[in-house]
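Everything below concerns the one structure shown next.
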Amino acid sequence: MATVVCHQAITSHRPSNSFKASHFPKEPLNVPIKLRQKQFKIQATASQAPLLDPVLSPSKNIPQSYKKKSNEASLILIRHGESLWNEKNLFTGCVDVPLTEKGIAEAIQAGKRISNIPVDLIFTSSLIRAQMTAMLAMTQHRCKKVPIILHDESEKAQTWSHVFSEETRKQSIPVIAAWQLNERMYGELQGLNKEETAERYGTQQVHEWRRSYHIPPPKGESLEMCAERAVAYFEDNIQPELAFGNNVLIAAHGNSLRSIIMYLDKLTSQEVTSLELSTGLPLLYIFKDRKFMRRGSPVGPTEAGVYAYTKRLAQYRQKLDETLNQ
């Protein structure tokens, strides 16, 4: 895939998505960086030692008092499995519909493909189909840690969802749901049948609404508008985690992930419009020396997959094998 000029279009306001870490106050390697910046007294244990020698983090969003877990990190991208409206060929956008049986199977299969790749943090959209995909995928992970959605919508939500067992926190993975990772909002097309819409407005018009970078559907978002919020969120909230050495899984949607891939692979607005992402098929990137290296899709836990390309992932597999065999 060509990598030409860097993505220039995404330059405007950074949307914020504040979250709190009272759920995991003593787990420095298991909570988001913005949460670690709060006034928690964090004490690392021997079991939390990084797999490679830590170095000072270069990220401007990370306090200099913290040290990186590693000089590289894994980034896994998964488009949600087939939804009920995918099955019915309806424009879904930001309508919150669940997965089909096929979509559930796709999420589980995706989990098997990434089961040997370390995951420290999970980011999803606020939509149930992305959250189901992340949760189902993690049921297949060899670490056997439980993904827990962090709730920051109110003080009561934070208090009521607090985890009081330190041991349980160690066996948990925080899940941050962010509306900025939602699917592109399709406006007045949401709920309409795609074929019937093409017959009504013309195939060319519907193609422009769906595949153009700049043209939005009626009262909806263009891909450019979706990219603005998704990439801004990625830069402000997810990339600092990778810079710190945390391994991140993102379960989101076709257009929000296309936007992020446009940023990672430095695609032009013309190239990204032809980018297709299959449902439930994970993609792996390695973040090292402030650069993203695409590794393709993991093939499964019993085959020679992309996770074998890096020293850290090989060490992770060895450590995980030793832990599971104890």
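Positions of Cβ are set from backbone N, Cα and C atoms, glycine also.
Because TrEMBL annotations are produced automatically, they should be read as predictions rather than curated entries.
When Cβ atoms from all protein chains are considered, those within 10 Å of His80 (active site, tele-phosphohistidine intermediate) total 31, not counting its own. For His80, the entry in TrEMBL reads active site, tele-phosphohistidine intermediate.
Within the same chain, residues at least 6 positions away in sequence whose Cβ sits under 8 Å from that of Glu183 (active site, proton donor/acceptor) are Thr92, Gly93, Cys94, Ser125, Leu127, Cys226, Ala252, His253, Gly254, Asn255, Ser256. Residues annotated as active site, proton donor/acceptor in TrEMBL: Glu183.
Under the heading substrate binding site, TrEMBL lists 79-86, 92-93, Arg129, 183-186, Lys194, 210-211, 254-255.
Under the heading site 'Transition state stabilizer', TrEMBL lists His253.
Distance from the CA of Arg184 (substrate binding site) to the CA of His80 (active site, tele-phosphohistidine intermediate) is 14 Å. For Arg184 (substrate binding site), applying a Cβ distance below 8 Å and a minimum sequence separation of six or more within one chain yields Gly93, Gly220, Glu221, Ser222, Leu223, Met225, Cys226, His253, Asn255, Ser256. Just so you know, of the binding-site residues Gly93, Gly254, the Cβ with the fewest other Cβ atoms around it within 10 Å is the one at Gly254.
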